[in-house]
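Accompanying notes for the structure given below.
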Amino acid sequence: MKKARGVLFSSPLRRRNSTSAASALQMDSPLSSPPERYSFNPILRWNPEVEEYFSAAYGAEHFARISKALTQPSSYSCVRVNTLKSTSDAVIQKLIAILEDKRQKSNATKVEVCNDGSPLGSSIVNTIGSRELCNRQTPEESQSHYIFKCPYPGLENIVFVKGSGPHKLHYGNQPCQPMKEVIVSRKCAEAVLRGAQVYVPGVLACSAHVEKGDVVAVSVAVEQPTSDGGGGFGFTRGTVLQGSQSDPQYHERNGLYIGEGTTSLSRATMFRVSHGTAVEMTNRVYELPSFYDILEGEIFLQNLPSIVTASVLDPQEGERILDMCAAPGGKTTAIAILMRDKGEVIALDRSHNKVMDILKLAAEMDLTCIKAYKLDALKSVCRANGTINSGITDANNEELDDVTANNRSSSGFHTDDKVSIDMETCSNDASPSLTVSNGKTDEAQSNAGKRKNVFQMKNGPGRNQCTGGRAEKSKGFMPNSFDRVLLDAPCSALGLRPRLFAGEETMESLINHGKYQRRMFDQAVRLVRPGGVIVYSTCTINPGENEALVRYALDKYKCLSLVSQQPKIGGPGVIGRCDLFERKFSEEWLTESEAELVQRFDPSSSLDTIGFFIAKFVVGDKDF
Ligand SMILES: C[S@@+](CC[C@H](N)C(=O)[O-])C[C@H]1O[C@@H](n2cnc3c(N)ncnc32)[C@H](O)[C@@H]1O
């Protein structure tokens, strides 16, 4: 388990002593009242230094609001349509039918209650969104209010599916029976809040005598400090819940109940098997549909800013594009589709498994212009003599290994040994395990070949680009060899919601993200041709990562200029900064239509990302 040093957690004892984000909210009763046990009212605990830093940047009260909002999921899902396979209108029709079918099936097990108290079905008493759930329309009419196309030019490939919440739930509706419970991990809970079911690996503890088909209350255990200064759950997976105060994190789970569901497995099986659905959620604090297994290849569930990022890059058919940190390939595939699969999209990631994820997604979407390579993006420039150009004037850079120029592949870049993939694993698992063969053992290769055949028999040819069983490693690319470069930089991801834990970030880690991004940017500047474009994007609330990078870039590289799609609105040209708590950014930073979009989908901070940042640079004549 990852250690989390210097972390505060959401225990009530800690809460009383807290001075900043949480206490700033105490002026504000609806957000800060002490949580009822069976409610969902989490409070994010930050490393004190980080909290101080953000409070200084935003003001304590404003940061407290950001912090609170980070714990809630957005109130809609955002789906990108693969316009090479379908249209937004066709997807909307299909989603209406699929989600209505699901709704009818799940309504068989619940009874909703309208604002006026009349039963429509469910133990849900809506606090928000009730009017929408309860209006007396035909299913098609009511669904069409929830599933609709983005109205802005250039973004018609986006379909929104509106959810609802927070709902106040009544748990334990079976009289005379003790409530049965399941505790899930924080990551599992974050996924459930966005519409997922509870899968086996996410279950940490369960009541005794739970059988398949039982109704259980689902709560989340958030990491707790351990004596060695790290973090952990403080109990063993598989612990039996007694329904008493001796249960794990009994008090800490006050206000951390995310819904109710029906078990798909008995307690014994839940802790014996390694995968599968453990609990099918029936009532959720936030209702968002699950898109698991729905219209695969035709749609992709993606955060709105990520989709906007690809359109800001504005790739053209026939161009050569580099996506430097690409896995799992959300933006890569968006770019390829904008290019109508014509040209070349090179996608890099430093992890083997993640490269295979990119290839899998590309194959699912039938995209052939994507080539994915395993490469440390900090080493992505090759000099003309075949050595890696480390980018260089940054004091943090180290000189990197030499590579020979004679292994340059036909597409103008360097490749070395191949990595073969376990195809059987690949067919079942989005994160397949990889076996490095290095071309050494025939036996290993023939086994890989056998696995490949099994895979092809199961899935058919063309199902996955990894049918060749290889994720290539690259040794870098020639300077000035790309028309456009996307640097979707590894960042603190502190803009993503919902988030139930923030304690892993320290001042040191925040500073390191910034340094890392600068080094990557140095590579990007060398790789793009004069006249080309670099788009830098992050998903964070940390100005030390996003704004600081733009300042660094403009100070260091005189050949760069920031572009705004509409300079009169875009000010200095950063075209997409979106802090959803201060609409001021919508006028100051966004284009007109993007600003409208944010306002439309952020009436009460409902956007799927609290902070994102997109900067677009045009590269002029280079003097290096
Ligand atoms: C923010 S995610 C990228 C998300 C992706 N652009 C998308 O839209 O689906 C960052 C990715 O960068 C990768 N990464 C981190 N450091 C890297 C490096 N030095 N070189 C290449 N990839 C790196 C991580 O493995 C991770 O998959």
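Cβ coordinates come from backbone N, Cα and C, glycine included.
Keep in mind that TrEMBL annotations are predicted by a computer and have not been checked by a curator.
Residues annotated as domain 'SAM-dependent MTase RsmB/NOP-type' in TrEMBL: 229-620.
If you look up TrEMBL, you'll see C325, A326, A327, P328, G329, G330, K331, D349, D376, D488 marked as S-adenosyl-L-methionine binding site. Cβ neighbour count for C325 (S-adenosyl-L-methionine binding site) (all protein chains, 10 Å cutoff from its Cβ): 20.
Other Cβ atoms within 10 Å of the Cβ of C539 (active site, nucleophile) number 25 in total over all chains. DSSP assigns C539 (active site, nucleophile) to coil, not to a helix or a strand. The active site, nucleophile annotation in TrEMBL covers C539.
Separation of the C-alpha atoms of G329 (S-adenosyl-L-methionine binding site) and C539 (active site, nucleophile): 16 Å, rounded to the nearest whole number. Taking Cβ-Cβ distances under 8 Å and a sequence gap of 6 or more within the same chain, the neighbours of A327 (S-adenosyl-L-methionine binding site) are A347, D349, S351, K354, V355, D357, I358. When secondary structure is read from DSSP and collapsed to three states, K331 (S-adenosyl-L-methionine binding site) falls in the helix class.
The sparsest Cβ neighbourhood within 10 Å, among the listed binding-site residues (G329, D376), is found at D376.
Taken in sequence order, the recorded positions K331, D376, C539 that lie near ligand 1, meaning a CB under 6 Å from one of its atoms, are K331, D376. Listed in sequence order, S306, T309, A310, D323, L486, D488 are the same-chain residues six or more apart from K331 (S-adenosyl-L-methionine binding site) with CB atoms under 8 A from its CB.
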